[in-house]
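Participant: To start, I am sharing the structure in question, which I have written as structure tokens.
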Amino acid sequence: MEDGYTTFGEYVVHREVLDESRLEEVAQKGTWSTKPTVGERMKHMLRCSVSQVKNALLTWIPILSWLPKYPFRENIIGDVMSGCSIAIMHLPQGMAYALLASLRPMMGLCSSFYPVLVYCIFGTSRHVSVGTFAVISIMVGSVTERLAPDSNFILNGTNGSEIVNLTARDSYRVQVACSLTVLAGIFQLLLGLVKFGFMVTYLSEPLVRSYTTASACHVCVSQLKYLFGITPARFVGPFALVYTVVDICRLLPQTKIPELVISLVALAVLIVVKEINDCYRQRLPLPIPIELVVIITATVITYFCGLNTEYSVNVVGEIPTGLKPPRAPDATLFSQLIGDAFAVAIVGYAIDISLGKTFGLKHGYKVDSNQELVSLGLCNTIGGFFRCYAVTASLSRSLVQESTGGKTQVAGMISSVIVLIAVLKIGSLFEDLPKAVLSTIVFVNLKGMFKQFMDMPMLWKTNKVDLLVWLVTFISTILLNLDLGLAVSIGFSMLTIIFKTQLPRYSILGNVPGTELYLDIDAYKEAKEIPGIKIFHSSATINFANSEMYLESLQEKSGIDIGKLQTEKKKRGAKQRREQEKQKKREKDEAKKNRLNKNKDNQNGVVLSMPDTDSDVSGKGQINWGYHSDKATSDSDSDSYEVFTVDSNHGEGGKKSSCRSGTHSIILDVSVTSSMDTVAVKTLKNIFSDFGDVGVTIYLAGCQACVVEQMERANFFSESVPKSCLFVSVHDAVLHIFKKLGQEDNGFVSESHCRGIK
């Protein structure tokens, strides 16, 4: 074989036509196995050496690999500035998102400290900021409110009134949140240890973006009660969001004007300053910490103006200072939290790995998906013992960490130190902070999620199936709540994959004159079908789910109805057998009559000819019975079903094609098939057998090596289906057919390509 370039942009290849058997000889296919045996794997796993221990430690504890090599002079300034900026965001967001989880603000601050330190040690992304996040917070809040509703903590007050025991309620909600967090962390740890990080690939980007958008709607509805100062009823189960909105609308006449004014003012200030931060992002050394400024200002005004006592403004309340000792979660709650914990684990990991992969690609480093599962699992498991609730990466904080110069997770360590100081010393100063201000901070930070509504027009133009996944995910999450919505959306996403597999595009390929290219004749005008040869292509792998459809489409596209042709062939065979039986009986009767006549003639001494025959009679009065028999058989054959036949001159049995369309060969392009199950192998066997019965020869083209091995293990090849019917490409199969037919150039294939036939 030799390759040579003729002119720029063109190439000419001279080689022989290669079927699978010849390819194995030319390419010297190996029969050895490069995969280690089970024994070798176990031996390698049980082997303990210094290098293996070191590699294991560096893999499971990534900080040991990058911290000793930390470029102090180049990165320290950017990491310090980034850490301070992130800490300023952690303080208000931690307290605000704790309200979403129906927990005390102190728990949100703790969730911004312990998990961040754990991720700095075990995480592999340099830019994500782990901590509280709106979507996870609302998922936790739905669980805490379901298992610890206000109705379970009603006390009898004076004058027959009922009051809620807030202390007991909040204490039990902390137990529920911690148990949920630990269980979610255990799920993430187990999945990471068994290398199950690839599962996030089943959560497509449209699904994740739609789910977070729908979650943002849940977040907004849950915060409306703080904006308007009302107390709607709590609803659970499907359509809970709809019922809540209806109840809020019913309670709007009871709106507390002071809280509404506080909310509107805080919203206006936050929106304006955040827009300024976005517009002048390149010029400002640091974003204006408007959230912290609003919190401090609102706290000071509320304290000195007595808004809590004078106008009954709902405030945060008591915030205990100092760190609490670790406490084991309530394991008796695990049975009630399994489904919710798994949903929190999956959603939290999906958000974290999507952000981590994005920053990793942008800055040129690898994010280990399995290690991210382990690190998040440790963040939640350890954090659950220290009164933290479930965490994940935050988009807004991660963007700030990157834009302010953060290069490593040293920025996370610095932010943790600042949050620790706030928890120990200044947390109690925010006891007079209005909850309405925290809810406005939540609203403003959801801006990025609501921008995801713009995905719909983009998906409408690019991929309508993805748009359908987006819409189903959004509607199911809105109507069925977060847990059922996630299950429905994943199930529907899987169904789209199944439907794509079961409904592939089938096409007949034609040759582009003068080239070895074979393209869809319906999509390309210049692609011309080769007379007598059908080239069938499927856009999907052949498997048990679509094998029947593959056979049906092959018959439809090729114009060959196997069942009909086989029925006609059986009828012709039966008719021929009946004619032959009749002829044999006729010959037997004639022979019997002849013997009787001979006996009679011998007795009379006279030789007579048989009357009423149109056969040739010899001059001696004898009948030419051999010629008579041939003529009778010929007459019976001429009455059979007439079809167009083309002698294909094939060496494989020398059959003739009995297809009306003149098709004598079919090439199955299986280049996209990546695997083949037993059903697919049986389907191909039946295709070879059934089409061969009607005189049409089948060839395979573009078979991958792994598919050939699977076919060999399934005993696909035999004397009737040799390896010589497999070809490297469609063009090789076409040239082979031309050679069998004794044609050098059929007008479709250029002379330079046929020259390689020997």
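A Cβ is built for glycine as well, from the same backbone N, Cα and C atoms used for every other residue.
Here's the feature list from TrEMBL:
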COMPBIAS  576-601  compositional bias 'Basic and acidic residues'
DOMAIN    523-737  domain 'STAS'
REGION    565-621  region 'Disordered'
TRANSMEM  180-203  transmembrane segment
TRANSMEM  224-245  transmembrane segment
TRANSMEM  257-273  transmembrane segment
TRANSMEM  285-304  transmembrane segment
TRANSMEM  333-352  transmembrane segment
TRANSMEM  373-396  transmembrane segment
TRANSMEM  408-426  transmembrane segment
TRANSMEM  470-499  transmembrane segment
Participant: Give residue numbers and ranges for long-range contacts of the transmembrane segment (333-352): same chain, 6 or more residues beyond its ends, CB-CB under 8 A.
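Facilitator: Apart from its flanks, the transmembrane segment (333-352) reaches 125, 128, 130, 133, 135-136, 139-140, 142-143, 147, 175-176, 179-181, 183-188, 191, 199-200, 203, 208, 211-212, 372-373, 376-377, 380, 390-393, 395, 482-483, 486-487.
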Participant: In the same chain, who gets a Cβ under 8 Å from the transmembrane segment (408-426) while lying at least 6 residues past its ends?
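Facilitator: Contacts with the transmembrane segment (408-426): 63, 66, 70, 75-76, 78-80, 82-84, 86-88, 90-91, 94, 106, 109-110, 112-113, 116-117, 119-120, 123, 126, 129-130, 321-323, 401.
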Participant: Taking only the residues in the domain 'STAS' (523-737), give me the average pLDDT of this model.
Facilitator: 73
Participant: Go through 180-203, 257-273, 285-304, 373-396 and flag the stretch with the largest number of C-beta pairs under 8 Å relative to the transmembrane segment (470-499).
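Facilitator: Counting Cβ pairs under 8 Å, the winner is 180-203.
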Participant: Would you kindly list the residues that approach the transmembrane segment (180-203) from elsewhere in its chain, counting only those six or more residues past its ends and only Cβ-Cβ distances under 8 Å?
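Facilitator: Counting only partners 6 or more residues beyond its ends, the transmembrane segment (180-203) has Cβ contacts under 8 Å with 140, 143-144, 329, 333-334, 337-338, 340-342, 344-346, 348-350, 353-354, 368-374, 376-385, 388-390, 490, 493-494.
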Participant: For the transmembrane segment (373-396), find every same-chain residue at least 6 residues outside the stretch whose CB is under 8 Å from a CB in it, and list them.
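Facilitator: Sequence-distant neighbours of the transmembrane segment (373-396): 60, 89, 93, 98, 101, 103, 107-108, 110-111, 114-115, 118-119, 122-125, 128-133, 135-137, 139-140, 174, 177-182, 184-193, 196-197, 323-324, 326-329, 344-345, 347-349, 351-352, 355-356, 445, 448.
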Participant: List the helix, strand and coil residue totals of the compositional bias 'Basic and acidic residues' (576-601) as derived from DSSP.
Facilitator: 26 helix, 0 strand, 0 coil
